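Asker: So Swiss-Prot says this about it:
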- R155: active site (ACT_SITE)
- K179: active site (ACT_SITE)
- H246: active site (ACT_SITE)
- R249: active site (ACT_SITE)
- H272: active site (ACT_SITE)
- Y281: active site, O-(3'-phospho-DNA)-tyrosine intermediate (ACT_SITE)
- 1-93: domain 'Core-binding (CB)' (DOMAIN)
- 114-294: domain 'Tyr recombinase' (DOMAIN)
Amino acid sequence: MVLDGFAAHFDAYLENIVREGKSEHTVAAYRRDLEELFALLAQMPSEDAGGVPQGLSQRDFTAALRRLSQRGLNARTLARKLSSWRQYCAWLVKRGLLHTDPTADIKPPKQPERVPKALPQEWLNRMLDLPVDGGDPLAVRDHALFELMYGSGLRVSEIHGLNADDVYLDEAWVHVTGKGRKQRQVPLTGKSVEALKNYLPLRQTASDGKALFTGRNGTRLSQRQIQKRLAQWAAQNGDGRHVSPHMMRHSYAGHLLQASRDIRAVQELLGHSSLSTTQIYTKLDFDHIARLYDEAHPRAKRQDE
């Protein structure tokens, strides 16, 4: 398949993943990654491109990855782009539009292990226990938002997608639609239930009235707005540290694992499809145990202390 033929089904592919229920953010990322790939393949000299006029090969995609690496992209970003390319190639093969998948045997760049940053439990408790101005609907909304974020460990995309009827306050749980449209039920803390009960009577609603967290005009808060409100809240009330929804989720996972030691339960609560994704939080747990050991064990103290 020549390059023109390879790219010819691009729009049909995007329409297909929209029908599958992929989010706008995911579809936009696939679009960017594939448009970038097409441009790279078109720019390659024939000796790099593996004979594009005759067809595309594994060497073409390896060369494209090498070009992106030379631009300074990190291993995580390269692995994500390769995943986007693979999804497209697999779709073409499945429909008989490509004989074999030239990306199938390409190994993604090895990524350095990254330990998530968790916020101190005491700091979070102090911040979330700050007085809330009950006369300010946005302050009441934000408090409910942040309690839910830390209390249930939801992704920012999951919070963005919540509807009011996803929350069951009497039973103290929330129905969450996660990655890949996977459904799960997550418990609510007592603090989250209380904060949501204070917020719901003040919620501004638009014409559809579905969104749980809305702005002044009643429309659903965007992911960017949620991130911005959290950062502003932390900057105004905290000690200057940067706080993101991802860090709140990491904190939830790390603190829960410290208390429960049940990694399978934490996996279910986080909505991870693979246990290996959850296992990174065991490093946070080990750090906590190591600090306790250093503080408590009589043989852990250095001689000069």
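Yeah, the Cβs are placed from backbone N, Cα and C, and that goes for glycine too.
Keep in mind that what you see is a predicted model, and the values were worked out from it rather than measured.
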Asker: Including all protein chains displayed, how many Cβ atoms other than that of R249 (active site) lie within 10 Å of its Cβ?
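Answerer: Summing over all protein chains shown, R249 (active site) has 22 other Cβ atoms within 10 Å.
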Asker: Go through R155, K179, H246, our active-site residues, and report the one whose Cβ sees the most other Cβ atoms within 10 Å.
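Answerer: Output for this query is R155.
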Asker: Just to confirm my parser: what is the rounded mean pLDDT across the domain 'Tyr recombinase' (114-294)?
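Answerer: In the predicted model, the domain 'Tyr recombinase' (114-294) has a mean pLDDT of 83.
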Asker: Please report the Cα separation of R155 (active site) and H246 (active site) in Å, rounded to an integer.
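Answerer: The separation of the Cα atoms works out to 7 Å.
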Asker: R249 (active site) to K179 (active site): how many Å between their Cα atoms?
Answerer: 15
Asker: In whole Å, how far does the CA atom of H246 (active site) lie from that of K179 (active site)?
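Answerer: If we compare the Cα positions of H246 (active site) and K179 (active site), the gap is 15 Å.
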Asker: Taking DSSP states H, G and I as helix and E and B as strand, how many residues of the domain 'Core-binding (CB)' (1-93) are helix, strand and coil?
Answerer: 71 helix, 0 strand, 22 coil
Asker: With H, G and I counted as helix, E and B as strand and the rest as coil, say where DSSP puts K179 (active site).
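Answerer: Once the DSSP labels are grouped into three classes, K179 (active site) ends up as helix.
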